[in-house]
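One structure follows; several queries about it will come next.
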């Protein structure tokens, strides 16, 4: 009998044993929780909103809030409500009796649902369930549900829970070895493949202790697998630990492989090689994988290759292939086949039969609550079955619950199909490999460059090596044309100020004049250079940056103290600017046509003339390249003054662009770098009568000065100048009562302290609703405390130095002063060897305190307490700035109001407020945050062109070609 | 036998008698001129370019210029050249032998062509031809070809030529009464149906003299029909003159009706009624019409109903209908059936036969050179035939030649079809009525409002009546909210300063503050008012202006001395602004969407805030409404300061808009009019910290002040202000050596002196190539001299007053000073009763003379002589301004260069440089002419909005709706 026939036969047996067999009457009487699932399957719009509502539910206090959210979520355009649900929701007034009924009904239904998938909220409940499973002939593995681990205290808490659990498990006689399942990322709050060394050290330490204690207690430990980005480092750590002398002989441990990963087969083969080397078997659990949506979203958003299979059937096919591979290697490993798909389990049984593997040599696993019938049927077949049992409270378990609900209601879900298929036997059809050969649908008008994906082990090495190479080039001198060879400035490494980055010859007033003369000559040529050549220049800049990515990262790490991941993203941004502005310029080029009979009308864009770019140090590459290329691609000659603090990178950019221009046979006057002291040459650059526009990014004070100065006519000037200025911000994030704190804390930490808060977009104020103020603050405090402060060259660093001694002193002074009037929630220590400032959090800051009004540009965060959402918006809007803003909320009406009322240029909802992407999130603000249209946006280039209309009467002697058949 | 059968029989006879019968050999040997026509029929692209080239040819001097133009015209993308022509044009170097051959070949071919259609260049040639025609049994009518009549001296010249011709014709015995054909529009250079009274007087005087002299000489006079716009007034004048006692008994006169006009049947019936009243017959010539392209183009460009039939076959069908009508009325009129279409003539003969009309009671007419065979065949049938004989030089006859060539080579042309049809009898198919019921294809993205079409008699009356009505409202007082009732200004009629237009209560600093307070309150509401309501407001403004068109015209005529036609166009422009900005705002509203999986990104536009509009007096309605509505529709509250000189119109606009806002239930602070002294309230409006943007149109000096002042931060201000300023110009028109002087003179006169030169776009400099300097200047001088200076209320006025005494004095002073250093070509007298300044032309003005550099804003024109086109461009570009520019040239390379190198915002080629239309010709300049994007253009509204990006992470617990079948 062939394998497939056996699979079918076994499958039919299992199906028969597990037939739901629900009568019509039973369906009529089905409880709310089942109705709810049924409805979501029938109405895709309702499905999304219902799961979002369920996700929010545990965070809402009182039936008023619950009924309000029910209405806000479910009364939406596109959400079709089944009649019964419509009746239930047909209430007005949040406190009415019917509203209370609705709230109660839904809450009960969700609790009922949760109890189906979660074995218990406390150990006594858990013990009851596990003993029942034991009576049914099943073993178990216990997984403690938890919130995201954002801090070391939370990591410690997670660890301790497992120790406690194991301690509780050990004394009981389960009739089998009790097992727990753990997630590696929860053992270290800064778990990060880029910070490989630290992550390995921290995690190894935790699991060593865990395994030791488990060994003492006689509890088996299984290691779960999480998101793809953690996979390689997880396997690397586990292989090392389990190969160590201490644990090499342990068989009561296991690893997990996810069949939806394209790399899974290779991983299994490597694990097999490793386990053979180890000589002692471990359990290898084969699952399909539970993060498919997330993995797809992340890959699409980041423009990374998709790590998972696109089609469920491909995953299923791969699962069968790996099942065989595992079972064939059963002496070396103990296979655990985890699936609630009857076909998958039947197929495993058939293979085991074919290979004559004893049932004791492998086991089946199913998730608690997902396929109780199947588990029983497997037991009945004499197959060992382990139930995966999540344990914990509903609130932290929400993401688990949502994953299970999604899984059960997905179109491709086995459980759903079982309910819907006319002919049950179709469920046993062998899965087909079905990966599309066409690329993923993009739907994006502009495809940004992908940042480096550090998920692959060793990726960081390329950057570390580049840092070593660049270190050999430090201390050189840079003399750009027109600049002095005598007067120079020294740029130093802010992580280590003793280290000179380079010496830069300075431009002075006479340099400016010379450069202007060159630019004026060059403008005649550049202004009429075909768009294709201008675009080509930008493409070459982009290609060069991409080719030299790691070198540019190294220069930024060293000269401005930017951590590697953020420097890497900055290279991408610079490349994106080149490519986006190229596309935009090509789009502008044809202009508009407005022809009528006998007359052509062309609306075209021509260059403005010479532009001055005054760049900041905090994005020394991306903002410089963006401002420069926007001016160049529209046909304007550009004079570029880099910031003093990043003068070496400024010179490198200048050399790069000047060389490419030279290669194109164009005059050097097209682009000229002019490093110099801002106070000295800035005013002259702004004042010069030949200048047509100034593109500036920097402080509010300087921006306003430039704006006013540029508007004055200089002698000999015969046009009005245009100023595009990006200035400061005092950006707020509102944390609503319904916020997902896992997200909110993470987003605030990242937004406030990324690059030591030295971003225009950085979060300087968190406005927190009183209802969740305390828990939020506590998690924020500990999460911030867990950040790694250090040299930017260290991949583990999350917070590097501030830019220079002046900034350090200014920040320290402001912190000292603020401490005199405000409460400090956290003040972190910092190394003293460089310009370091440890993150500081002030709490209960009054909205009018200078700390909540004035930009500090450093790792200092003000936490403000507000009574309600109205007040939150009012406080958020209550500064001179309007750059970025954020909101964490799961209340649809609040999200909607924020979209309308939040005064800022870039509003981010339920995510961090930094890291705007070119094209996707055009960046810029108004009020005192800036003037001009958004960088990386559809209107940006319009600021550097003059529209011209050419109208031609094409009649001659009353004749123009008119179609005779008009 | 039915009429149709007779038509067919006669047609076949005529066809047989006129069969071209050309052998293959004859075709091979056909001369260049015939080849040329054949090629244009085969290659539509070549046809257009070839006719343009032929049009240019007589103006070119020397074979070098000719060969250059041959290449420029015919070596174009899309122009397919037949092999033989390609060989002929295969030369390089304009003076090479082959180039000379090409030039010579083409010139000869065109001369040969011209000689086919024109009876002679002098009387002795004409006499020879006419005598030959006489021998062939034909009579004739002579038409003197001429350039456009742009001045009274040219009109006088035209008149005199006819007197001379008649004097030469009279003594000769032609065997018949000699006849001349004349065009009415050539008797008066300011011929204009709007100026009905003057036109009637002038033209009546000329034709009275002509008819008297013709009577004395025994020469018959036939009146031709020209463009549709002249038709009604032409018929009205002729009916009056020919009904007068002096001419009522004359039978040797005739009128013309064009069958392509939709009104032609009605016209014929009216003529029949009139001629019956007259009691003495006249000739009625029925033609199809020769201006079809022009009529279609004009109607399409002006958005007027098409006066002609769209289909040739409809015209043919109408022609047959009118033929019957004429012949049926033969005792009252003498029908003349003019056509070279065999079917049309056969049909006329058949009707005459059916009605038993004697051949002496009507005649056939054909054009000389178009159908000689048909004429002979008709004579052979015993039918009287008159040949229409154009007479004159090639150069002024060019438009006639082009018309004939077009006619012969058109797809629908009888002559062409005869050459192409396989079965000749198809040519006799009865014409079918074939007017499409679908509207004309538009192809325009924005449909502007049509100006009033004054072609219909009496249209001006509506405006004259409105002036009477408005005159009754003069002298009233206007007190807008916040304005003083004590301090007022008086606005007067510049045509008659004794006449007060009204008294206006003034705003002062405290009014500004009050208005700002209201605006700040209103901004909260208006800024979030749905786009549909904002758009609705604009639509209501537009509808009201349209409904009150004649009143608004009257107010402008009276308050700012704008002539009726230009005031009418201004109302259209105001309406267009409302409608265009509505469309643009609706287009902006959705913003951009940039969604990726798991994240939505919306780029939307929000209002900036309070805007100040500072408006000029020269377009008191259109520019005000444009600037106001642009601010309003984008959600900004607007404070509007009208110019002092047009304060009453400013108040009327304010009342109109405020009332509509009130009707919508919106607060008055949304829009507030603040009439006041610019020096007093202007700086405060600009300085006020609540203001977000200033939209200004006015002088360079004030614009630059506002620009500088607005860039200074005021205390309490928390944003940077945006200034959009339209300022002055010193606009040039280049008249190239290849220019069509008929066009160029007309365009320059209109551009320089329209509204007395008080337009930003007005032409202040004409840059003329030496080669045609003298003839151009002379025609310019006389054309300008012929303009009618007077009160704006008079429909005959082409130049009204300047705006006020200050302007008058300033202009007079500048003219006096300039006369001390420059040569005056023309200084016209002007009435002394109002603020009149007669047009002045200075000649040979050096490019650096203040008169060629500084804006005067009045009817003063500098003529500059340049050696070549390079110099022309250099001089044109050599001022501080860059607003409008013009070029008259028929040299493709010069047109191309101007498109690239002419520094101006709006470049017009081969047409006047004023009268930009909203949407079609977005308007605005750069250099010191302005800052900001073009009014009425696609980017204008972007200046009044702030882009905002809203990014929402729509993942919840790692879940977002991802298509499972990705």
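Using the three backbone atoms N, Cα and C, a Cβ is placed for every residue, glycine included.
Annotations for this protein, taken from TrEMBL, read as follows:
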DOMAIN    A:4-117  domain 'Proline utilization A N-terminal'
DOMAIN    A:127-417  domain 'Proline dehydrogenase'
DOMAIN    A:486-950  domain 'Aldehyde dehydrogenase'
ACT_SITE  A:726  active site
ACT_SITE  A:760  active site
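Please go over these features one by one and say how buried each is and what sits next to it.
Confidence over the domain 'Proline utilization A N-terminal' (A:4-117), given as mean pLDDT on the 0 to 100 scale, stands at 83.
DSSP assigns residue A:726 (active site) to a strand in the three-state reduction.
DSSP assigns residue A:760 (active site) to coil in the three-state reduction, placing it in neither a helix nor a strand. For residue A:760 (active site), the same-chain residues 6+ apart in sequence whose C-beta sits under 8 angstroms from its C-beta are A:618, A:697, A:726, A:727, A:728, A:729, A:883, A:884, A:929.
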Write out how many residues of the domain 'Proline utilization A N-terminal' (A:4-117) are helix, how many strand and how many coil, based on DSSP.
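Residue counts for the domain 'Proline utilization A N-terminal' (A:4-117) by secondary structure: 86 helix, 0 strand, 28 coil.
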Have a look around residue A:726 (active site) and count the other CB atoms within 10 A of its CB, chains all included.
25
